[in-house]
Amino acid sequence: MVNDRKVAVVGCGFVGSSSAFALMQSGLFSEMVLIDVDRARAEGEALDISHGAPFAHPMRIYAGDYEDAADAAIIVVTAGAAQKPGETRLDLVNKNVAIYRSIIPRIREVGFEGILLIVSNPVDVLTYAAIKMSGLPESRVIGSGTVLDTARLQEALGDHLGVDPRDVEAYIIGEHGDSELAVWSSADVAGVPLEDFCEMRGHFDHEATEARIVDEVRHAAYEIIARKYATYYGIAMSVQRLCRAIMGDEKCILPVSSLMVGEYGLSDIAISMPTIIGRGGIECRVPISLDDEELGELHRSAAALSEVIDRAQLR
Ligand SMILES: NC(=O)c1ccc[n+]([C@@H]2O[C@H](COP(=O)([O-])OP(=O)(O)OC[C@H]3O[C@@H](n4cnc5c(N)ncnc54)[C@H](O)[C@@H]3O)[C@@H](O)[C@H]2O)c1
């Protein structure tokens, strides 16, 4: 039986604890289990975060084990090594696949029937690994994918155009990593094609601006890690947004990573594209139109991921 008021977070480092903090404030759940190999860390975070609950929503927050997470509606997995300065997300693959081999089978053993939200990097490869290791239907294994990158894109465009970033309809798709791409061809603001909106706001140098902004988005994590050694607030809000979409059965469209089954000619990899998210998890992928250059970039991104999946012997 799934308890709709319960969430679990596996991995209580920067990302896990920030996500737990964001979830405590969200009011979406009344019970939260924190799990970490470092039990003391999970206990400390549970105590600290629970002391904020009286200012937000009543919630039972405690350090626990996989048995405690068996009936959770969502398990958020953030465990694993993080990028060090100069490291790419794909560099983390062997360490984090090994960590996932010690986590996902435990989740399977306790009979978890909820939704697995994968956040650790490289998130696309680990989402694929979690689908294989968990035995869960693929609709219930969601990678946070390019949700954060898309927020970074909206933020940058909102700033450039002097408009609320939430009104910017533009996606980053592909790998959550160096090969991701912005879908400029179908981007718009309030239904006005992006380039027309830019001109309306006095910006005419489209190619250079697009190249600058996508480069900033691709390198955002590197810039943050170079300065403060980790990124966590943006991803924590992305986790909260995804949990809200799931628990509210919102049917909203977010660019999560999930198993491709022939979309754009891609299959047997997990990669991000806009997707309808509801209480059942992945409801339907939305094949937004891509121009030839974008399609080529997406295929190159998928090929890079496919090679890593092979090297990690996950197939
Ligand atoms: N998807 C995204 O957009 C995104 C954004 C930022 C970070 N990340 C990723 O999130 C992950 C965590 O980053 P972080 O900065 O919190 O790292 P961190 O080192 O601060 O925390 C990792 C935590 O995982 C725990 N852990 C390790 N092995 C475990 C196991 N077998 N079982 C349970 N817990 C285990 C550690 O004890 C630690 O508390 C990294 O892989 C990072 O790259 C993803």
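The backbone N, Cα and C atoms fix where each Cβ goes, and this holds for glycine too.
The feature active site, proton acceptor is assigned by TrEMBL to H176. Positions annotated as NAD(+) binding site by TrEMBL: V15, D36, R41, Y66, G80, A81, S102, V119, S120, N121, S144. The substrate binding site annotation in TrEMBL covers Q83, R89, N121, P122, V123, D124, D149, T150, A151, R152, T231. If you look up TrEMBL, you'll see 6-143 marked as domain 'Lactate/malate dehydrogenase N-terminal'. Sequence annotations record features per position, and here TrEMBL assigns domain 'Lactate/malate dehydrogenase C-terminal' to 146-311. The phosphotyrosine annotation in TrEMBL covers Y222.
According to DSSP, the secondary structure content of the domain 'Lactate/malate dehydrogenase N-terminal' (6-143) in residues is 67 helix, 27 strand, 44 coil. In this entry, substrate is bound by Q83, R89, N121, P122, V123, D124, D149, T150, A151, R152, T231, whose most widely separated C-alpha atoms sit 20 angstrom apart. Counted within 10 Å of its Cβ, the other Cβ atoms near V15 (NAD(+) binding site) come to 26, all protein chains included. Reported as a whole number, the C-alpha separation between V123 (substrate binding site) and S144 (NAD(+) binding site) equals 7 Å.
For R41 (NAD(+) binding site), the count of additional Cβ atoms within 10 Å of its Cβ stands at 17 [all protein chains shown]. Checking the binding-site residues Q83, N121, D149 against ligand 1, the ones with a C-beta less than 6 Å from an atom of that molecule are Q83, N121.
Sequence-distant contacts of S120 (NAD(+) binding site), defined as residues of its own chain at least six apart whose C-beta falls under 8 angstroms from its C-beta, comprise G11, V15, V77, T78, A79, G80, N96, I99, Y100, L126. Nearest Cα neighbour of T231 (substrate binding site) among the listed recorded positions (R41, S144, H176, Y222): Y222. Proximity note: of the listed recorded positions (R41, S102, S144, H176, Y222), Y222 have a CA within 10 Å of the CA of Q83 (substrate binding site), given in sequence order. Non-local neighbourhood of the residue listed as 'phosphotyrosine': P85, each in the same chain, at least six residues away, with C-beta under 8 Å from its C-beta. In this view, G80 (NAD(+) binding site) is surrounded by 23 other Cβ atoms within 10 Å of its Cβ, with every protein chain counted. Cα-Cα distance from S102 (NAD(+) binding site) to N121 (substrate binding site): 16 Å (rounded to the nearest whole number). Between A151 (substrate binding site) and S144 (NAD(+) binding site), the C-alpha separation comes to 12 Å. Around the Cβ of H176 (active site, proton acceptor), the same chain contributes R89, N121, P122, V123, D124, G143, S144, G145, T146, L148, D149, S257, S272, each under 8 angstroms and 6 or more positions distant in sequence.
Sorting the binding-site residues V123, A151 by the number of other Cβ atoms within 10 Å puts V123 first.
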